[in-house]
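Trainee: Right, I'll just put the structure down here and ask away after.
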Amino acid sequence: MGFGSCSRHALFTPAAFSGSFTTMTTSCFKRVYTAQIHGGDALGKRLPSVSSFSGQLPRHGLHRQSLAFFSTSHRRQTSPPPSPRTTSQSPTVPSKASTTPPTSLNTSKPIATESQDKTDWSIIVKLAGNIWPKNNPNVKFRVIGALTLLVAGKVLNVQVPFFFKTIVDSLNVPITESTTVWVLAGASIAGYGAARILTTLFGELRNAVFASVAQNAIRKVARETFEHLLNMDMKFHLERQTGGLTRAIDRGTKGISFILSSIVFHVIPTALEISMVCGILSWKFGWDFAAVTAITMLLYTWFTIKTTAWRTTFRKQANAADNKGATVAVDSLINYEAVKSFNNEKYEVAQYDTTLKAYEKASVKIATSLAALNSGQNFIFSSALTMMMLLGAQGIVKGTMTVGDLVLVNQLVFQLSLPLNFLGTVYRELRQSLIDMDVMFNLQSLNSAIKDTPTAKPLHLKGGEIEFRNVAFAYHPERPIFRDLSFKIPAGQKVAIVGPSGCGKSTVFRLLFRFYDSNSGQILIDGQDIKTVTLDSLRRSIGVVPQDTPLFHADILHNIRYGNLEATDEQVYEAARKAHVEGTIQRLPEKYATKVGERGLMISGGEKQRLAVARVLLKDPPVLFFDEATSALDVYTETELMRNINSILTGQGKTSVFIAHRLRTISDADLIIVLQDGYVAEQGTHEQLLAMPGGVYHRLWQAQLTESTQPTDEEIERQREELEVVDEKKKQ
């Protein structure tokens, strides 16, 4: 689900409706099902929208158990059909650089516990701060206005049965030829109509007044959560599925909407109406009527809560199967090419169907248990109405009550049936919303392992000298990457870091950029420990072209401008020319307005890398880091691009670090650092390292030399001219 939909979640309020309804189809292949509303909880039933009711209701939020799937990189495990496969797991990071562990999402405990009640209360207190902000009188005014309209609407709603009673008593007289309706009951009929109209009007005004309060609270909490997630360290994001995080935010914000709407539009009005009805019955007809009403409400509430708690077990099973099905479907579709490459369509369908079967089984239990809930609720309420009718009939026989009084009692009690019908749904959804909000607020409470110290100061660059001093680091405690790494990158020079795969070349950048912190040792820039400077100033001073180029699902212009959001179009075009991607862009039908697709999958790997180079050139930081920045380019484009980058670096005196497997791209570096087994094995210029027979660099160079030979400038120019001639002939 798109994250932006959170703010459009509808508010709910009780309204009269009956008949069947069908749930809206939601994201991640949620099933469509139907249920009958008779007076109790319904499968997936929620209160209708305040603005309109079209017969379709959104599904409820999912239980805490269903959120557990996103706590780690998750893949389903079911009995596979003929083609078994292995699954990969996301790497974890050592405890030294760990993030505060997430709150447990275990759901084996009962729904309502003492600790959970305390948590629920703390959530409500947090939410109250968003709907009653200290420095926003406009929001407070709207809350007061909504509550005033609520009370006025309920008072008028209770008057409707009184007008009905008056009409009945007025017509319960001998009728003559001169008798007219307006003479007997005209005023009462007019009052009856006015009361009903004003009740509805006040209800709609209440919804309109309170809507901005609820949506403002949703927006504020969602923005704060999203901002907090962006400030978390890399370990946190590597350990969680992005889809799971967005679903947690979405459910949490929907939970805010439901809690606000249920409290303002259901809980408070129902409690107020029950109190008023009991008071009226006791005042006008005696304590026995009020006692029957109070006992009925208590028994009805107790039965509904107990039965709903029992049914929640089945709902948890359905939610778990639903989440698993969503994970299977999304995982399969994202890896569409792999599915097709290995002809595993039937396997994926079988995996998905297994979750559908589990969902079907749980849904049948939900539907059948609904009958018990509806039957019990109907029995309790019908018994109460029968007792009321008996007491009323006795009053009429004794002469203490009129027929209109009997109608009044019936109408007063019957008006309570509608909000009580939703009691099961409100209770279940209220508990679920609190759980969903707890998950979201727990995300806000997590602390990032990488953050500014209280005394952090902005980085003061003097030239861009970088020094690693006795650095030790490991992603996994049992597999250290660096043991005692020490080297120095001179300011304003081009330095290359090379070595065998897995020696930690890319880790150098991750530590320098503070995606992770070293376990021990120091990393210095111009003599300043990077742990003592602000993250913002540090990361603004470093530009990186990563090995796996991250692109947004937007146009090319935006993806380049992302390096400097304040850059003009002309500056973007100039950066594209420097990155040798301008010609490619101009050949596209929509040029700079061309969408690159999700993760840039609609363009080639080489084009993605050149866009990344253009982006970092537009950022223009004093320190540049190229992590296999040209690995997807052909030899000719790579050579020209590197020549252009070198000219830029030479003219501006920037410190640049190149990580490369193709050694010919960094043979002109001022310094080459060779890593192996967590140490600096060798360092020097290209010529110095080649003069060390048997050295690591010498062996790597010889191995690559047998595969290809670096072309000269004349060969590059000649072959490019030949390609241009071929292209011209094709155009003709």
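Cβ atoms here come from the backbone N, Cα and C positions, even for glycine.
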Trainee: Validate this pair against Swiss-Prot: Asn335 and His698, same side of the membrane or not.
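Mentor: In Swiss-Prot, Asn335 shares its side of the membrane with His698.
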Trainee: Please indicate, using numbers and ranges, the residues of the same chain that are 6 or more beyond the transmembrane segment (406-426) and have a C-beta under 8 Å from a C-beta there.
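Mentor: Same-chain contacts beyond the ends: 14, 16, 37, 39-42, 45-47, 157-158, 160-162, 164-165, 168, 262, 266-267, 269-270, 273-274, 277, 280-281, 284-285, 289, 293, 297, 300-301, 304-305, 307-308, 373, 377, 381, 384-385, 388-389, 391-393, 395-396.
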Trainee: Can you give the mean pLDDT for the domain 'ABC transporter' (466-702), rounded to a whole number?
Mentor: 81
